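*Asks:* So that we are looking at the same thing, I have put the structure below in C-alpha cells.
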Amino acid sequence: MAPARARLLACLLPALTMMAAAVSWVAAGGGRMTDQVDILWGPTQLINGSNGDQTIGLSLDRVMGSGFRSKSSYLFARIDIDIKLVAGNSAGTVTTVYLISEGPWKIHDEIDLEFLGNVTGEPYTLHTNIFANGSGGREVQYRLWFDPTQDFHTYSIIWNSEQILILVDNMAIRRFRNHWDAGVPFPVYQPMRLNGVLWDADDWATQGGRVKTDWSQAPFTAYFRNYRASGCEPSGVAWACGQDPSGGDWFDGGAGLDDVRQRQQLREAQERYTIYDYCTDSARFPNGGFPKECGLP
C-alpha cells in the first residue's frame, strides 16, 4: 500500500471499524440498457435492437429534461458507454455522463463529462471536471476530432486509487493523479454511481451563454447504448476495493495501453484538442496562485 493511502487509512480506521466491508467484483454491460440502469425522470425512448441490445434516448423539451442512473455503485471502476449526441442546433443543451457519490453534497465526489451543444455547423465542447471532498473547479475542455452527432462514440472513465483517466474511443485525453500525500483531495472512499442526463443550461453552456436554446427545435434527443462497467461494488466502506482479485489490469492504469502510449495520447490531446485548462488560466489564478496539483507530475 502506498504511504499516502496507508496514512489515510490509519486516520480513518477507527471510524470505519463498525462498518461493513463486504465487496464484490463485477463486470457487466452490453445488451439491454435497462438491465444496467434505471430511468429516473423525463421523456425517454427505449429502442430494442434485433440482436438483444437496447438504446436509451434521453429527450429535452421546454418542460423538462431526462436522466438515468446505474443500478450499481462502485468504489473504483472502469465505465464505458456509447453516446450519439443531439444533432442540428443543440445550442443551450448539455448532454452529461458523470460519476457521483451519494453522500452529503459538501463532501461529495464527482467525475464529469459534459457535452456542450452549439449552433448548427459549430463544434461541441467536451467539458470535464473533477470534484473531490466537495471541491471542484478542475475544468478542462476539449474540441472533439469528429462529429459526435453522426454516429456513436465510446466515452470512458477509469477511476482507481492512483489516478482518474478520461478516454474518448479508447484514446486517453485527461489524467488526474492521486496527490493526497501533497494535500490534494482525491476520491478514494465514497462509492459513486454513473448518471446520464440531458438538460438545458443556456445561461452558460454555449458561447458563455450568449446563444440561447431554440425551443422551436425541441424535443432534443441524445442516445446512449452499450453501457459497460468493471469494478468493485462495495457494501459499506470497502478498502478491499483497492485490490483486484481478478488480476485484471484496469486497476493499475487501465485503457489497455502501455504507459508510453498513454503519455503520447495525453500529450496529443493537450496539444491538439484542449481549448481550456484551469492549470494554465493565469487570469483566474493571478500571481502564480494555481491549485497545488497543477505543479505536480
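The backbone N, Cα and C atoms fix where each Cβ goes, and this holds for glycine too.
Since we're looking at a predicted model, the values are computed, not measured.
Reproduced below are the annotations present in TrEMBL:
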- 1-22: signal peptide (SIGNAL)
- 27-224: domain 'GH16' (DOMAIN)
- Glu110: active site, proton donor (ACT_SITE)
- Glu114: active site, proton donor (ACT_SITE)
- Asn118: N-linked glycosylation site (CARBOHYD)
*Asks:* Do you know offhand how many angstrom separate Glu110 (active site, proton donor) and Asn118 (N-linked glycosylation site) by C-alpha?
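*Replies:* About 25 Å separates the two Cα atoms.
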*Asks:* Provide the number of Cβ atoms within 10 Å of the Cβ of Asn118 (N-linked glycosylation site), excluding the reference atom itself.
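*Replies:* Asn118 (N-linked glycosylation site): 20 neighbouring Cβ atoms within 10 Å.
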*Asks:* Within the chain of Glu114 (active site, proton donor), which residues six or more apart in sequence place their C-beta under 8 angstroms from its C-beta?
*Replies:* Val94, Thr95, Thr96, Tyr98, Leu126, His127, Thr128, Asn129
*Asks:* Please give me the CB contact count at 10 A for Glu110 (active site, proton donor), counting all chains in the structure.
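*Replies:* Glu110 (active site, proton donor): 19 neighbouring Cβ atoms within 10 Å.
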